[in-house]
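TrEMBL lists these features:
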| type | residues | note |
| --- | --- | --- |
| TRANSMEM | C:34-54 | transmembrane segment |
| TRANSMEM | C:60-84 | transmembrane segment |
| TRANSMEM | C:137-159 | transmembrane segment |
| TRANSMEM | C:270-289 | transmembrane segment |
| TRANSMEM | C:334-352 | transmembrane segment |
| TRANSMEM | C:359-377 | transmembrane segment |
| TRANSMEM | C:383-403 | transmembrane segment |
| TRANSMEM | C:410-429 | transmembrane segment |
| TRANSMEM | C:502-522 | transmembrane segment |
| TRANSMEM | C:534-551 | transmembrane segment |
| TRANSMEM | C:558-576 | transmembrane segment |
| TRANSMEM | C:582-601 | transmembrane segment |
| REGION | C:605-631 | region 'Disordered' |
| COMPBIAS | C:605-621 | compositional bias 'Low complexity' |
Amino acid sequence: MLELENVTVGYTATSQVLSGVSLSVPEGSVVALLGPNGAGKTTALRAASRMVPLQVGRVVFDGEDVTRMPSYAAAERGLCHVPEGRGVFPALTVRDNIALFGRGMPLQEAVDRSVAEFPFIERRLDALAGTLSGGERQMLALTRPWLVRPKIVLLDEVSMGLAPLIVDEVYAFIRRLAGEGISLLVVEQYVDRVRRFADHIYLMRSGAIRFSGPPDQLGSDEDILGHYLGAALQE
Amino acid sequence: MADHHAVGLSLRGLTVRYGGVLAVDDVRLDVAADSITGLIGPNGAGKTSLFNACAGLVRASSGSVELFGQDVTRTSVAKRARLGLGRTFQRVELFKTLSVHDNIAMGHESAYVWKHPYSLLQALPSERRETERVTEQVMELCRLTDIAGRTAGSLSTGQQRMVELARVLAGPSRLLLLDEPSSGLTGQERAVFAEIVEDAVRILGLGVFVVEHDMDLVARICAQVHVLNFGRLIFSGTTREAMASELVQRSYLGESAVPEASGGPRA
Amino acid sequence: MHDYLPLIVSGIADGSLVAIAAMGLVLSYKASGIFNFAHGAIGAVAAGVFYQLYKLNGLPWPLALVITLVLVGLVFGFVMERVAALVANASTTMKIVSTLGIMITLTSLFNLRYGGITKQFPDFLSQRTFRLGGVNIAWEQVIAVLVGLLLAVAMTVFFRRTILGRGMRAIVDDPQLVALMGLNPTTVRRWAWVIGTTFAAVAGVFIAPSIGLDGTTLTLLVVEGFGAAAIGRFSSLPLTYLGAVIIQVLVAVSSKVASDHPSLQSAPSSIPFAVLFLVLLLSPKGWLVEVGATLQQRVVTIPRQNRRVGLAKLVPVVVLVALVPHLFETHLLAWTKGMIFVLLMMSLSLLVRLSNQISLCQMTFAAVGATASYHLVQRGLPWTLALVCAGLIAIPIGAFVAIPAVRLSGVYLALATLSFGLFVQTALYDSPLMFGNDPLPLITMRPSFAESDTAYFYLIPVVGAVGFLLVRLVERARLGQLLRCKADSAIALESLGVNTSLLPLAAFCTAAFLAGVAGALIGPSVGVVSKNDFTTIPTSLLLVALLVLGARDQRIGTLGAALGGAIGLIVIPDYISSYDVLQGLNLFFGVAAVEAAFASTRVSTPRARRSSTPSGTTPQPELVTAGGRRG
């Protein structure tokens, strides 16, 4: 469904954020991209959804080379990227956000379907999205893939800054998305959240893939912590 | 905590709220005035918000910020700086069109502005001498002497971070806030950076409060760390204790565990 | 009360038309983050196109109107979207210069086609009236109000209810997220520009019958809409509409009051500018948020002058100046005036190039200086003393303008200075303290020691040299360094403990002093001085455009940029007697200013020189920390 081949990205000519990253998301599967802060996970997603230009490599989506495609065209072809922490328009009302999310369908239908998933939305329809709490904002952002029914959803740090119970709720929803047969590429800093339902896991550090395999090969918590906390742990 | 040290910065019940989001929740912590203290935690834990509240860029919703025993909760950024609080930025903020030398000199000269009636026009000879002396000294300390003449905007990220550090070191600050100083730096640059920060603390007798993701760096330079999660302080102690703490490890792995009894879901 | 009813009615009608222009402005500003100073000029061009089709080509007016709106709306919508995209990464100053350049371009194109003389514009709408509640109301007025209301309601609904409208509201906050929704950000912005410029066109065509086909007046009338936009906080369409109606009713009613009091005669036309200035001055902090400001990274700054201008570089300048009276005897007066404008440009350079602030009212400071010295000399003050006093009197004016500058930046500062300039021009130029009510120019005197043309010419470089030294002093003093720092990163300077809010004040005061002195010199150069020498539009705007143009190449210093600009603005036109060629010259300035704004985003790394390090080591390109990244 989605393939990154040898993708290299640098914001300036001299520094590379991603160096030679290859990963693939087969149709209908859930793939998790894990790693500590600054590993380049977010950049990998931005490369996939065509928000940053590639220095080297290519992106293939649904059998089509989309490397040179602008991000709105990739979105129209069914690639839905929910960016980190800001998947909503804070200056617009919740209703306006939903209207933009589900722009192919009547507004009332989009609202009804969103409310069915997240009942809190009904009370806050006319509130500015910027006044929602972090959890509510994230759930609102997640209604977009639900309404759009894309071929693949890229989720970036959906649990960031959220309390555990909220994260539970968010992940229950993500499971439902996966249950609909939508492919998922999930970036997450919390390993345990995704290792239970991901089909395949990539572990990144310093802009490169350091591990690729099914979750059961990932190793113990201590090994992963080694990745996250660095050598400090082993001292 | 840190009771045998002089306290540089202390937060009492600090809370920061944006719109509906509670970014920092009732945090109480101390930062030593003569050593390096780390602030760590997973993404979105509220570290940057806490930092901005310390520096005066965002207003505390409640609670207080004390700098060397003086309440600065309602004090402007510039005033806090004059009281001895220096900072660097997550996205480097340099005077891009000025040379490295002039950037660092401004770090020192800023203290003379508005000091005397014609302070805007000319530096007194004594001021100029002192500025030059301090600038040279700091450039040496930060190993920037060789690139003193280059325009700050043309440097690499690593060099820019170093210039930013040098600029704040040249000033009168007694407590530095370093906001993710290692981001964008290569491994080697990080090592050099750590060395220089340690040297600066030792030679100049500063306190440093650093937000940092690179745990190796934290482990190396920080005597003490505070760990933040969901805007709350979940751990304070030495770096080694923090790394060993199950609570801290779990906060990084994201298991459903809210510390202390007061927890519960907040939305 | 009954006397005022017809005035209120006509105020509402005029207000509706101005409101259309203002709403168009707000709309494109909201979606693009670019404040379009050329908005009024686009309206004027539309009036010209309509005039062509209806009056000259004889098309029926509805057809002519539709063609005009579609043509102007689409062409300028597409053009402005491209311009906005090209300057997206430029500094705010350059963004302003780009639309100022378009304004200058369009105005000169308009003048080339229709001449500078106001033509009668045909009344294409019904001139019939009816009586309602004892007031005669023209159908024309009813139509104006209906069109205004219709567009306001339609736009509000469009914004709230359609995907494109929602996209336009969302796009400035987060264009990337808009793209992730599958909407093409360029398309969204383009339509915002098309609608915005179409609104300008509607306003231009409907306003023209009442004032005639005159580019400058039409442009100015749309500038009156800026005040309404400010009331709407540059974001709310209904408030903008309301603001425009209130302002125009005030104008209409006050013109009645003013007709009874000769001293107040000029007050009504200044109201819109006063409103704009006051809103900018008094609005609470955080009320006016610069649209899109958070998104721009300042990739490059305005090219800065090298601070060590070698004396050698001054030699050709000195030689040129010394030879002028011998080489250009017949045009000596223009060269004299040109030399004075060098000083004026240098004063502007202090703001624009050094501290990255923009002043669109530099001619106002000059007018204050000119009139102050005239009146002081009339009262018997020695000429030289009057010259200095002229500069000193301009200082508090500069300080007053700087009050908004303390809090406002970028486009709002530009608007504050523009509105201040226009306010002084419309309200105060006619007062006895300035040029007086008499249409005749003021007769100015030269000092006794420089009565001849040549002597007076040589006096200017002497005063200019003092001014140049003052500019150099500020540039090289701590103030200059602080202003540079503030332009680069205000937050970093604050974090070093410097209270930065008063720095703009010092810059404005110095600039006003120099401009005041320059203004005082202008009159004696030709012997007379009138308010027409000190227009905000176009002279103040041309000053900015030419300065930026002159400084396009970063190797050109303050003096070089000022010299080039002054020669282009004053000296060359003196050699040109043809109106068309003159307009062609302005056209060139406009286009070149736009190009300079584009070019500013292409400049690579700015250069700086080591200012005061004694050691003088050769700069080493090698890295300290981790070698081999950049050579």
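The backbone N, Cα and C atoms fix where each Cβ goes, glycine too.
Tell me about the surroundings of these features in the structure.
Within the chain, the transmembrane segment (C:60-84) has long-range Cβ neighbours (under 8 A, six or more residues past its boundaries) at 28, 32-34, 36, 38, 42, 45-46, 49-50, 53-54, 98-99, 102, 124-125, 186, 189-191, 193-198, 200-202, 205, 594.
Sequence-remote contacts of a segment are chain residues at least 6 beyond its ends whose Cβ falls under 8 Å from one of its Cβ atoms, and for the transmembrane segment (C:410-429) they are 35, 37, 92-93, 95-96, 220, 223, 226-227, 230, 266-267, 269-270, 273-274, 276-277, 280-281, 288, 290, 293, 357-361, 363-364, 367-368, 400-401, 404, 435, 531, 534-537, 540.
Counting only same-chain residues 6+ beyond the ends of the transmembrane segment (C:558-576), those with a CB under 8 A from a CB of the stretch are 305, 309, 314, 317, 331, 333-335, 337-346, 349, 353, 468, 471-472, 475, 542-543, 546-547, 549-551, 582, 585, 589.
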Taking a Cβ cut-off under 8 Å, which residues six or more beyond the ends of the transmembrane segment (C:359-377) line up next to it in the same chain?
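Counting only partners 6 or more residues beyond its ends, the transmembrane segment (C:359-377) has Cβ contacts under 8 Å with 344, 347-348, 351-352, 383, 385-387, 389-391, 393-394, 397-398, 401, 414, 417-418, 420-421, 424-425, 429, 433-435, 442, 444-445, 508, 511-512, 515-520, 522-523, 529, 531, 533-536, 539-541, 543-544.
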Do the transmembrane segment (C:334-352) and the transmembrane segment (C:502-522) come together with 3 or more C-beta pairs under 8 Å, pairs six or more apart in sequence?
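When sequence-distant Cβ pairs are counted, the transmembrane segment (C:502-522) touches the transmembrane segment (C:334-352), since at least 3 lie under 8 Å.
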Which residues of the same chain, at least 6 past either end of the transmembrane segment (C:34-54), have a Cβ under 8 Å from a Cβ in it?
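Hits for the transmembrane segment (C:34-54): 21, 24-25, 28, 60-61, 63-65, 67-69, 71-72, 76, 80, 83-84, 87, 95-96, 98-100, 102-103, 106-107, 109-110, 113-114, 119, 121-122, 124, 196-197, 200-205, 207-208, 213, 215, 218-223, 225, 234, 411, 414-415, 541.
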With a Cβ cut-off under 8 Å, give me the same-chain residues at least six positions beyond the ends of the transmembrane segment (C:534-551) that come close to it.
37, 93-94, 96-97, 100-101, 103-104, 107, 216, 219-220, 223, 302-303, 305, 341, 344-345, 348-349, 352-353, 358-364, 366-367, 370, 418, 421-422, 425, 429, 519, 560-566, 568-569, 586, 589-590, 592-593, 596-597
